[in-house]
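Below: the structure, in structure tokens.
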Amino acid sequence: MEASAGAPRIAQPRFEPDTEAIKLRLLNKGVNPTPKIIHTLRKKEIQKSTRKASKSAAAAPGQLTDSEKRAVAEDVHFLTLRQEYKEFVRAVGKVEERDAPGAVMVGRPWEGVERAALREAAGGRGEYGGEGLRGEALMELGRVLEGRRREEVMWVLDDDVEVGERRMEEKGEWDGSRRRTRTAAEAVQFLIDRLSAAKLNVKDWKLGRMMKQSQLEFNEGQLLRVVEGLGEKGLWKHALSVVEWAYEDNGRKQLKSRFVYTKLLAVLGKAGMPQEALRIFNSMCGDRHLYPDMAAYRSISVTLGQSGLLKELLEVIESLQNPSAQVLKMRRRNWDPTLQPDIVVYNAVVNACVAPHQWKGVSWVFQQMRKNSVKPDGASYGLAMEVMLRSRKYGLVHDYFQKMRKSGGAPKALSYKVLVRAFWEEGRVDEAVDAVRDMEKRGVVGTASVYYELVCCLCNNGRWRDAMMEVQKLKQTPLTRPLEVTFTGMIASAMNGGYIEDCVSLFEHMQDHCAPNIGTVNIMLKVYGKNDMFAKARALFEEIKAGGADNDAKNDSKVQLRRRGAAILPDAFTYASMLEASAKAHQWEYFEYVYKEMTLSGHQLDQSKHSSMLVEASKAGKVHLLEHAFDKTLEAGEVPHVSFFIELICQAAANLNLDRAVTLVRTLGYAPTILSEVRWTEIFEKNVDRMGGDILVALLGRLRGSDMPEEPTILNMVASLESICGRNEKFSNAKQLPGPIKFNGNSSLANDYQPGNGIASEETSEMDDFIRELALDEAASDFDDDNDDDYMGLSDEEDEGVPSAGEILESWKKVGKDGGLDPPQLGRKSLMKYY
């Protein structure tokens, strides 16, 4: 549509350059299209276009250029379409008012009726009878997806920043024009939040996408704020990835900042990552622009000192005191790469001596400080006292404390804490009390840790009543740990000191100050278990399992808990402590009950600490518990404890199940633990009451008749059996056993006594008769014992129906639903499993 001659002249629209074309031109020329460069070029093109338009207007006044004519035509066309749309909207409104409710006019007015009907069916206002989806269903699905954690799927969207802003705008929390006017600080915070919601690394494409979408220049100030923000959230990996990504770009390599890397060192040190911090520091030392200053020097020193990496810290000091030739080549005018340690670095060295107990290194550090005219401060003496305490050099602890006073430095509360601990370990309780009184007289504000050390010292020496008086002072100080932890430590100290009655008294008085936690319950179970107080341990265990019932005045155990908060839930340590108490009291039925409860609660016994309990339970007749623990360990992909193998081998041999014993021996041969011949001899002599001489002879014969892997443990076992059977007079009249044992790493137990396995047919027959006689004699002795179960002489038919460990667990779950305290007496035969 052309404009009429008399139409008013419309103002020429402003020329807008194509930013994508500008970026493409810059990339073709090898220039990085930063926002600043693009903005400058865009401004110049606008100025150039304005100058050309001015020249054209001056040259031909009253006439329109081609571009102006096109702009006028487009404006007029837009106005016409807008007017037609308004008329159409008014017509639709009149139709809706005239027609019945629910009538809808859809489609476009210039399309036919058939097209309008089709669009009405697919428009979403009515339910379509075909296979399509309803609009309401799609909207509901959208609401469900929006309700989920958006940060997990944020990276999927191509325009997630705009979508997030649109949602905020709908809620009234974000202005629609804010995206264009967002400040750099807001952009940095928005980037930190987005990075925190994703698990990224420097090679992840999502990281680069997020960084580019932030439209930040990533200058020194912005990177400092990003690294600091990520460090406050504990995301040291994200901070490291951001710095590496920002400086990988060729356009930013020359913009590397020493301050950014120093801030990164601080973040890594706070996160406890000394190796990563040392790697960053070494990279700084190899770059002239990033060569560390005193701030970076102090940061890496404190990080290495806190981690106890003394050797690495001394290497850092040596490298900065005496730079290498490569560093000297980077020397610029008026630049000295040599850095001398200050008081912070020296204190870090002393701190690094704490973990390895390098008490001699403290003297060397103080000599270096005097040599370089660096005066020690209170932290220097306090750390030196800590090193001497860890090294049990109590005399030097007192010497450094006196030196601190003579130097004019005021001792702090932490120094008094170390002093109290030293007096405690020396057994000088009165001096420990006097040290705290001296601290109070000097006006030093005591911390909770000082009084905690004092009350534990008093409880360890049987003075719990004096400790309760100090607890009142402790409650007035800013607590760094809950009061329940303090009482738990007091009870543990009294137990270690041998004052059992004091433990019980502390536990009773504790409930007047605070509610016990699970740590207190665990330590009390240990107290009861180690001192033959099974009844009290059982009562306490049952009470926390019951969820904390009200105090019963008729209960004489005096272990009822006075509830003030949430119920205490047993953990793995609770079950382990109760199992120890049951094992020490030889309450094997209750031991089995606790083990079942522990298994059903999802906890597993630590076999490295408590394997002996299951072995003792197996010897007491609870073999199925050891079997279950053995199975669960194998199912978890771990190697069972060697004591499990030994007990199961002895049990199998005592039951004349030699096939299973040989299988266990073969499996034990592949275990990482190696048993010597002396160890095997001790095992056989210790279990001589269960495995008589005839059984050992039969076991040796079966091992000789089996193809076994040539492993040290198996060789030592056979040598031990041969030694025992050869020197014992009891075996002098025994039938001659077949020849030497045959070893083969790929053998099977299916045909142990078949011809061709190195055993003659007649010798094999004699051996079978010999073992059969032993089995009959052993079974007869078992049936004569009325108090023993019949599982000792299981036949092959009975062994076939033995349940697995998983089936045993399912039976326990069914029993647990009944809620009975005493478990039903399940037959051992039904719970045994032979391998």
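Start at 1 and count along the chain as shown; that gives each residue its number.
Positions of Cβ are set from backbone N, Cα and C atoms, glycine also.
Here is what TrEMBL records for this protein:
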COMPBIAS  779-801  compositional bias 'Acidic residues'
COMPBIAS  810-820  compositional bias 'Basic and acidic residues'
REGION    44-67  region 'Disordered'
REGION    778-835  region 'Disordered'
REPEAT    342-376  repeat 'PPR'
REPEAT    412-446  repeat 'PPR'
REPEAT    517-551  repeat 'PPR'
REPEAT    571-605  repeat 'PPR'
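Note on the repeat 'PPR' (342-376): residues 294, 297-298, 301-302, 304-310, 313-314, 317, 383-384, 386-388, 390-391, 393, 396, 407 of its chain, located 6 or more positions outside it, place their CB under 8 angstroms from a CB of the stretch. As a whole-number mean, the pLDDT of the repeat 'PPR' (342-376) in this prediction is 93.
For the repeat 'PPR' (517-551), residue counts in helix, strand and coil come to 25 helix, 0 strand, 10 coil, using DSSP.
Note on the repeat 'PPR' (412-446): DSSP counts are 27 helix, 0 strand, 8 coil.
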